[in-house]
Amino acid sequence: MKWCKRGYVLAAILALASATIQAADVTITVNGKVVAKPCTVSTTNATVDLGDLYSFSLMSAGAASAWHDVALELTNCPVGTSRVTASFSGAADSTGYYKNQGTAQNIQLELQDDSGNTLNTGATKTVQVDDSSQSAHFPLQVRALTVNGGATQGTIQAVISITYTYS
């Protein structure tokens with residue numbers, strides 16, 4: 001009888017041991033990033049008034065309004081943040097420029113940096129952070145244009161969104 005009980009105990013121990021042998025492996029994956037702390041965005045919203053434009057001056061293909069300046073300012077950039085990249089997005093029309101979402105037809109909006117580079121949707125612009133003031137400055141300009149000519153009377157409106165990344 002003792003042998004029989006020992007056999008059951010031994011069988012139970014082996015059963016438990018084999019259960020632990022068949023346990024599944026567990027993997028813990030840890031992800032993260034070390035990033036630069038963001039600057040304070042001083043220019044949270046900017047409005048550019050193009051004023052009244054005359055349809056007769058926007059009849060021919062390539063005609064455009066005067067440039068209007070707009071500046072994006074970032075301040076309080078932490079030490080260690082050396083560059084700020086702005087990514088531009090907005091509704092584009094078939095010409096690639098920003099689409100006029102107002103009522104005037106055959107009008108597009110063009111955004112450029114101070115070097116004359118066009119910043120259509122999807123474009124990026126990187127500037128250095130000024131070490132002495134811990135700030136970054138994006139001087140930009142915008143205008144209305146008609147790629148194909150034949151602008152009609154109506155309103156002009158576009159929304160351009162900017163997302164910043166820091167390094």
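A Cβ is built for glycine as well, from the same backbone N, Cα and C atoms used for every other residue.
Here the structure is a predicted model, which means the values were calculated and not measured.
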Query raised in the report: Which of Cys4, Cys39 is the other half of the disulfide bond that Swiss-Prot records for Cys77?
Result: Cys39
Requested in this report: Could you check the disulfide-bonded residues Cys39, Cys77 and say which one's CB has the most other CB atoms within 10 Å?
Outcome: Cys77
Query raised in the report: What three-state class does DSSP give Tyr166 (site 'Required for stability and transport')?
Result: strand
Report task. Quick one: pull the CA-CA distance for Cys39 (disulfide bond) versus Tyr166 (site 'Required for stability and transport'), whole Å only. Result -> 8
Query raised in the report: Once the DSSP letters are reduced so that anything not helix or strand counts as coil, what is Cys77 (disulfide bond)?
Result: coil
